[in-house]
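Copied over from Swiss-Prot, here are the features:
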{"type": "ACT_SITE", "residues": "Glu188", "note": "active site, proton acceptor"}
{"type": "ACT_SITE", "residues": "Lys230", "note": "active site, schiff-base intermediate with dihydroxyacetone-P"}
{"type": "BINDING", "residues": "Arg43, Ser272, Gly273, Gly274, Arg304", "note": "beta-D-fructose 1,6-bisphosphate binding site"}
{"type": "MOD_RES", "residues": "Ala2", "note": "N-acetylalanine"}
{"type": "MOD_RES", "residues": "Lys13", "note": "N6-succinyllysine"}
{"type": "MOD_RES", "residues": "Ser36", "note": "phosphoserine"}
{"type": "MOD_RES", "residues": "Thr39", "note": "phosphothreonine"}
{"type": "MOD_RES", "residues": "Ser89", "note": "phosphoserine"}
{"type": "MOD_RES", "residues": "Thr119", "note": "phosphothreonine"}
{"type": "MOD_RES", "residues": "Lys121", "note": "N6-succinyllysine"}
{"type": "MOD_RES", "residues": "Ser132", "note": "phosphoserine"}
{"type": "MOD_RES", "residues": "Ser276", "note": "phosphoserine"}
{"type": "MOD_RES", "residues": "Ser299", "note": "phosphoserine"}
{"type": "MOD_RES", "residues": "Ser309", "note": "phosphoserine"}
{"type": "MOD_RES", "residues": "Lys317", "note": "N6-succinyllysine"}
Amino acid sequence: MAHRFPALTQEQKKELSEIAQSIVANGKGILAADESVGTMGNRLQRIKVENTEENRRQFREILFSVDSSINQSIGGVILFHETLYQKDSQGKLFRNILKEKGIVVGIKLDQGGAPLAGTNKETTIQGLDGLSERCAQYKKDGVDFGKWRAVLRIADQCPSSLAIQENANALARYASICQQNGLVPIVEPEVIPDGDHDLEHCQYVTEKVLAAAYKALNDHHVYLEGTLLKPNMVTAGHACTKKYTPEQVAMATVTALHRTVPAAVPGICFLSGGMSEEDATLNLNAINLCPLPKPWKLSFSYGRALQASALAAWGGKAANKEATQEAFMKRAVANHQAAKGQYVHTGSSGAASTQSLFTACYTY
């Protein structure tokens, strides 16, 4: 016989629900600016810019100081610990700049992968130790949501039942701890696109992973109305020779979600998974036009697919600030339109927006 002990007060539930809904309201999505120092270094290296704290700060200042109308397209920004405490050139905290624009501030909470012994190089995610204390401090510092990324891959004997269950339980425990501290948890069980599997195989695995995640969330008494999901779109592996249309990706993706994600979840914000900027937008638009029931807001939580053109336009030069902001705003508006099924591809995208952003075994 199951016994129920209240996990959250009505006031806590109300706050969490309102935060989650505000992030995805009216076609808004999320900018994932939570790249680690090492990952940001890889991005800067491609444009021949040194990976220093000042260069990282300068690029993010350009993004965050964009015109306030960005709040019509971006509802939340995920920050890395370093960025949460950085300031602009006038001494103003980035988090306060975002809040003044009406954008909700989030934080990356997982601490990377650890090997699962007895599996084919599978991992579970670290970061549960001390998580409650970190969440409490971040809440005091103005953070209202968190993000935790679990990584699963399709390969020989992968993902194993052990990896699926272990990562689902870690996600659920993280989500529960977040909510206890007033943070909306973004649940990110990512089936990465490495491999040569086809669309149907990815759909099958994605359904198994999401079903396990929501079983675990239920077991851990997580309040679904105060959460957001950040899944992969259902796509073929990067090395698959068969190509699929955005409409085929959309049908497989929405079918998988319809079978596994409760309607209580207010929003699903897709990761871009190394797609080009333009492909990520076209697929999101097709998903919102898919003729299947869609009880959730279907939006975006993009990092590379919102920043690639902006980074290329910047090139490490302060004189390129306006061009950088224009490139960022263009992608943000395009994805805002796609989140409402209203994006029209004009064919005038720059080279950076059509270049694949895939990185094998990608880590933040």
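Including glycine, each Cβ sits where the backbone N, Cα and C put it.
On the structure: features taken from Swiss-Prot.
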| residue | record | contacts (Cβ under 8 Å, 6+ apart) |
| --- | --- | --- |
| Lys13 | N6-succinyllysine | Tyr223, Glu225, Gly226 |
| Arg43 | beta-D-fructose 1,6-bisphosphate binding site | Glu35, Gln307, Leu311 |
| Thr119 | phosphothreonine | Gln157, Cys158, Ser160, Leu162, Ala163 |
| Lys121 | N6-succinyllysine | Pro115 |
| Ser132 | phosphoserine | Ile177, Gln180, Asn181 |
| Glu188 | active site, proton acceptor | Lys147, Trp148, Arg149, Ala150, Leu171, Leu229, Lys230, Pro231, Leu271 |
| Ser299 | phosphoserine | Val24, Gly27, Lys28, Gly29, Ile30, Gly267, Ile268, Cys269, Phe270, Leu284, Asn335, Ala339 |
| Lys317 | N6-succinyllysine | none |
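In this structure the residues listed as binding beta-D-fructose 1,6-bisphosphate are Arg43, Ser272, Gly273, Gly274, Arg304; their two most distant Cα atoms lie 16 Å apart. Ranking the modified residues Ser36, Ser276 by C-beta neighbours within 10 Å puts Ser276 at the top. For the recorded positions given as Thr39, Ser89, Ser272, Ser309, the lowest number of other CB atoms within 10 Å of the residue's CB is seen at Ser89. For the pair Ser36 (phosphoserine) and Gly273 (beta-D-fructose 1,6-bisphosphate binding site), the C-alpha distance works out to 17 angstrom. Annotated pair Ser276 (phosphoserine) and Ser309 (phosphoserine), C-alpha to C-alpha distance, rounded: 10 Å.
Spacing of Arg304 (beta-D-fructose 1,6-bisphosphate binding site) relative to Ser89 (phosphoserine) is 25 Å (Cα to Cα, whole number). A straight line from the CA of Thr39 (phosphothreonine) to the CA of Gly274 (beta-D-fructose 1,6-bisphosphate binding site) spans 14 Å.
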